[in-house]
Amino acid sequence: MIERGKFRSLTLINWNGFFARTFDLDELVTTLSGGNGAGKSTTMAAFVTALIPDLTLLHFRNTTEAGATSGSRDKGLHGKLKAGVCYSMLDTINSHHQRVVVGVRLQQVAGRDRKVDIKPFAIQGLPMSVQPTQLVTETLNERQARVLPLNELKDKLEAMEGVQFKQFNSITDYHSLMFDLGIIARRLRSASDRSKFYRLIEASLYGGISSAITRSLRDYLLPENSGVRKAFQDMEAALRENRMTLEAIRVTQSDRDLFKHLISEATNYVAADYMRHANERRVHLDKALEFRRELHTSRKQLAAEQYKHVDMARELAEHNGAEGDLEADYQAASDHLNLVQTALRQQEKIERYEADLDELQIRLEEQNEVVAEAIERQEENEARAEAAELEVDELKSQLADYQQALDVQQTRAIQYNQAIAALNRAKELCHLPDLTADSAAEWLETFQAKELEATEKMLSLEQKMSMAQTAHSQFEQAYQLVVAINGPLARNEAWDVARELLREGVDQRHLAEQVQPLRMRLSELEQRLREQQEAERLLADFCKRQGKNFDIDELEALHQELEARIASLSDSVSNAREERMALRQEQEQLQSRIQSLMQRAPVWLAAQNSLNQLSEQCGEEFTSSQDVTEFLQQLLEREREAIVERDEVGARKNAVDEEIERLSQPGGSEDQRLNALAERFGGVLLSEIYDDVSLEDAPYFSALYGPSRHAIVVPDLSQVTEHLEGLTDCPEDLYLIEGDPQSFDDSVFSVDELEKAVVVKIADRQWRYSRFPEVPLFGRAARESRIESLHAEREVLSERFATLSFDVQKTQRLHQAFSRFIGSHLAVAFESDPEAEIRQLNSRRVELERALSNHENDNQQQRIQFEQAKEGVTALNRILPRLNLLADDSLADRVDEIRERLDEAQEAARFVQQFGNQLAKLEPIVSVLQSDPEQFEQLKEDYAYSQQMQRDARQQAFALTEVVQRRAHFSYSDSAEMLSGNSDLNEKLRERLEQAEAERTRAREALRGHAAQLNQYNQVLASLKSSYDTKKELLNDLQRELQDIGVRADSGAEERARIRRDELHAQLSNNRSRRNQLEKALTFCEAEMDNLTRKLRKLERDYFEMREQVVTAKAGWCAVMRMVKDNGVERRLHRRELAYLSADDLRSMSDKALGALRLAVADNEHLRDVLRMSEDPKRPERKIQFFVAVYQHLRERIRQDIIRTDDPVEAIEQMEIELSRLTEELTSREQKLAISSRSVANIIRKTIQREQNRIRMLNQGLQNVSFGQVNSVRLNVNVRETHAMLLDVLSEQHEQHQDLFNSNRLTFSEALAKLYQRLNPQIDMGQRTPQTIGEELLDYRNYLEMEVEVNRGSDGWLRAESGALSTGEAIGTGMSILVMVVQSWEDESRRLRGKDISPCRLLFLDEAARLDARSIATLFELCERLQMQLIIAAPENISPEKGTTYKLVRKVFQNTEHVHVVGLRGFAPQLPETLPGSDEAPSQAS
């Protein structure tokens, strides 16, 4: 017996309260005991998470955080985990004794949604000695361990030999491995399967009768019969396709005329547009070539005009440049004339101002002398007045002192003090600190001598100063003149510079006298130089136009050569005109012949098309009209023979059909009356009894019974006698055989078997010899073999009949085509090809056009050469008179030389004009510069110094005189002499004082008078100086302006400037006249160029548009041609006769066909859309697509193997024959495919019975289950009343509803849904379609109702409902149903998985305290009998007697929670045995 797989242990790593805990699972029941919050639900949650790691399903509702939002994805799992990496692992042993560890790595994801990240994995090949906790933890020390991340776990396992580690990216792959290894009972292919599995676990976990399970028990227990549904769907699809084909055939048959009309109009519509585009393409090509030729011609003309324009523009630019230069020269000459006139006026002003300045200079010098004399006299008067003042002051002082002395004569001390004061003042003034009264007299003489010396020196300096002032005035005048001419210089260099300036002045005056002769000479040479430059320009222009450089000596010979060329070209132009006329005449004749041939070509092409069609249809070549008439006679004879053979084949085909219909009768009866007689007599046809005879025995039994093989076997012949009376509706020979139809044998005859024959001894005197038939018909196998061979023969006959019919119709159509050809085209069909002649004439026309073009080019070149020769002669006529100037090479050098000399002379003239007066004034007084007189300023300073010295000496002498005079005061011995002496002195002093005051008054009067006169002199001098300075400044400004003007104003300058201006004005007028002529010619040339440019631009635009149109049309045309060739419709569309119609005619033809097509395809959406798209004139390929779509539309309705001609009408006629055969075949096929409603009912009933039996077998496993008052549990399966009525109607009363099942508009599913609605009108079907309802009715599961029943106490069998059962009874009932579901899954999965493996079987039960001891014991018995593992979570009051119990206690140690776990095995009377490894495990790790 196969051992069932088991779960060995559950391992929790880093869960809330469990750091590294492994729970060893009992083979039957594992109990988790503990109080509230001990960790029981957490342990079960870890198991469920490892079993179904789907976050969309997991929901531990009893521990979901309060207040969690609906958007939270926690579902109670996030709070059971601790931070970091967490694991939940299941250690299993399957039926093959393979250890498999499956589990998940969990980790909290930071965020408000409290998400959890889950990664499933599996480990295979792990040794039994390795514990799960050792894999995922790493011991750091005695009290600390670390949880390994998943990547480190992978690396650790890969390092272990023989161990396989698999990490899964999808839950489906994870469950697939668990199913293959026998860990779970069902393959969970989808989220729906996982949801069912989770709902089962959830129902087990929370106990009771789960409404989610009981409501969907059909989905859990009844397998889907997808094969039956697919068979029905395939049948319906085949019927639908068959009916659609039949409908299409009927539509095709009804649309035959429409197809003919569609083909005709589509051909006209597309072919007309196709040929119009072909014609337009040819026309566009011709136009593009014509535009290109005109474009090349216009470009050549434009190039010639541009060359001409460039030459004239160059000449005009030269004239414009020359005009600019001339205008500039003329303006410069005018400006020069104005400047000369201005300079002359300025020169006159300068001369007037210079005369005024000379006069003012003289007056200023005279006034300076007057002022100087007045200043000297003023100084003398000031000195006398000052001396008089001093003298008066001294006398007054002396007189005052003396009076004071007289007043204080008695006071000697005052006098003595005055004497001492005088002595001190004398010491100070005389700078004699050792002066005494005794030595004062001596020093007085000394200082008086010094005063006399100072006075003499002052007088001497005054005389020198008067003499030096005159010399200084002449030197300064000469020095200022030199400075004015030469610029600043040292005074000692004035003499040398003045002599050099005088010599230079002589030379400059000599050069200035040569200005006028040089100017006249230069004007003459410049005129010749301009003429020479003009001749050189003309020669260069001539050489440029000729494209060759010529020497001066060659010009006369070239002139004669050009005149000869002009005469020759004139003759050539006249001859070319006659040749051009002849070519144009021939061209017009060719064009007329081509037009006549183009009118005849369409008729010939139509005849040729008809003739080619006839040749293709009959496979003959016709060279004359006689061949056509002879072949028509042969065609009539062939038509008669084909009609006779077709009628014979048709008769044989009808005979075969009748025989097939006869042999196809049920029971092998060839006569329907025999079936009715057999039913009437209560017998059975002999053929029905032997219906199962093999094909090998069929000849024997056919010969054995002979004519009686159609007999009726009846139980008693005597009972048939009464029915034979008056029997008329029967075969001529009716055989009746008595016997039991259930045990009939062939012992009624005496038979001798021969070679391929039998001898039947009917009676002693009657034998029958029957040979074995070659084609036996006795028995179903023989009939089917014969029918098969008849069908094969019928196929051959049908094909032959179709072929003959097609040949007859083809021959008839061919006869009609020949008749139409003879009547319409025979007269012109065998004439010569006009298109070939048109091609030859077009080739000749192209040659003529090319000859004309070449002739025009040659003629144009000759005209150009003629014009060039004329221009060359004109240019030479202007150059030849100036050859002598061209030969003068030194003219420019002479001009430059004279211009340099003139510049020097003009510079000298400007120098003389500017400094001539200064030089004239300098020349008489230049000698005073030889020696520089004493410095006048120094002399003035010395004079002033001597005056000061004389004044100081006078004061010193006066001071000493006073001391000497007061010397008596130093002695008091002789007072009487002093008084008498003082009286005389007083008188003298008074006299002197009066004289001094009188002198002072006179000096003051003289000083005031002379000061007034000096003031007048100074005012006059200031006025003269101001006038002089003003005129000098104006003169300097005029001279600067004259220098700025830059011209030398002499007597002939104005005349020369005026002559130069007039010459330039004449040249400018001539240049403007030529420029105007060139501008007019250039304007005309530009107008011609503009016209040519516009024409060229228009030609370019037309050409490029046409070229682009040609290129675009070429691309589109290539696509059209490719599409035409790929689809093989070129022959139909390329109708050459349409090429000679105009575009309007073709467009009209296409538009008329388009209107007809719109009506023809109005009901066909595809063709209507394609036709609408084809109306785009820019997309001609879409018309081809429409034509191809029309053909494709026909091909979809005509079998490809019967389209034997390109003529659509012939194909449709042939299709008529084939469609009739197809209709018959499809009708018979539909009858074979159609399944009867009785068969459907039987299939569904058989399926329901099979599943009821399976549920009954499952119920047997629950018969012994009892708990509480529940004696037994079962699952009741019943057929719904409405569906049972449907099955009855389908099997018994289906004939009443054949309107539904025989309708071609309804599928079988829809008919079934309509029948269901007809039988149950009270049921609301909602928004579901009949097809959906019908598909549901084809699923047998919808016919069944399932409910759980319990046998409870005295109530008997009741429906299991939570309200009618106690809590424990409900849990037990639910557990029983879950076990049934698991059992059903295992049975179903044995077909998918090997039968040598038995999966693990484990359920949960939380809060088991609701069960009593008997119920718990019942669960233990159930687990033991079903080999099922059970995990129970219960409070501490549960003490099972069997299994393994874990006691969980949650403790808090140092703010850290951990669960204390103690495991016990069983509860025997002896002391409980502590399980190994059940000590408290540390729950914290660093």
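Cβ atoms are placed via backbone N, Cα and C, with glycine included.
Features as listed in Swiss-Prot:
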type	residues	note
BINDING	GLY34, GLY35, ASN36, GLY37, ALA38, GLY39, LYS40, SER41	ATP binding site
COILED	326-418	coiled coil
COILED	444-480	coiled coil
COILED	509-603	coiled coil
REGION	666-783	region 'Flexible hinge'
COILED	835-923	coiled coil
COILED	977-1115	coiled coil
COILED	1209-1266	coiled coil
For GLY34 (ATP binding site), the number of other Cβ atoms found within 10 Å of its own Cβ: 21
The coiled coil (509-603) [mean pLDDT, rounded to integer]: 80
Mapped DSSP class for GLY34 (ATP binding site), helix or strand or coil: strand
Among GLY37, GLY39, which are binding-site residues, the residue with the most C-beta atoms within 10 angstroms of its C-beta: GLY39
Same-chain residues at least 6 apart in sequence whose Cβ lies under 8 Å from LYS40 (ATP binding site): LEU32, SER33, GLY34, ASP1406, ALA1433, ALA1434, LEU1448
Listed in sequence order, residues not in GLY34, GLY35, ASN36, GLY37, ALA38, GLY39, LYS40, SER41 with Cβ within 8 Å of the centre of the ATP site Cβ atoms: THR42, ALA1433, LEU1448, ARG1450
Residue among the binding-site residues ASN36, SER41 whose Cβ has the most other Cβ atoms within 10 Å: SER41
Spatial neighbours of ALA38 (ATP binding site) that are distant in sequence (at least 6 apart) but have CB under 8 A: LEU1448, VAL1449, ARG1450, VAL1459
The region 'Flexible hinge' (666-783): DSSP-derived helix, strand, coil residue counts: 44 helix, 26 strand, 48 coil
Mapped DSSP class for GLY39 (ATP binding site), helix or strand or coil: coil
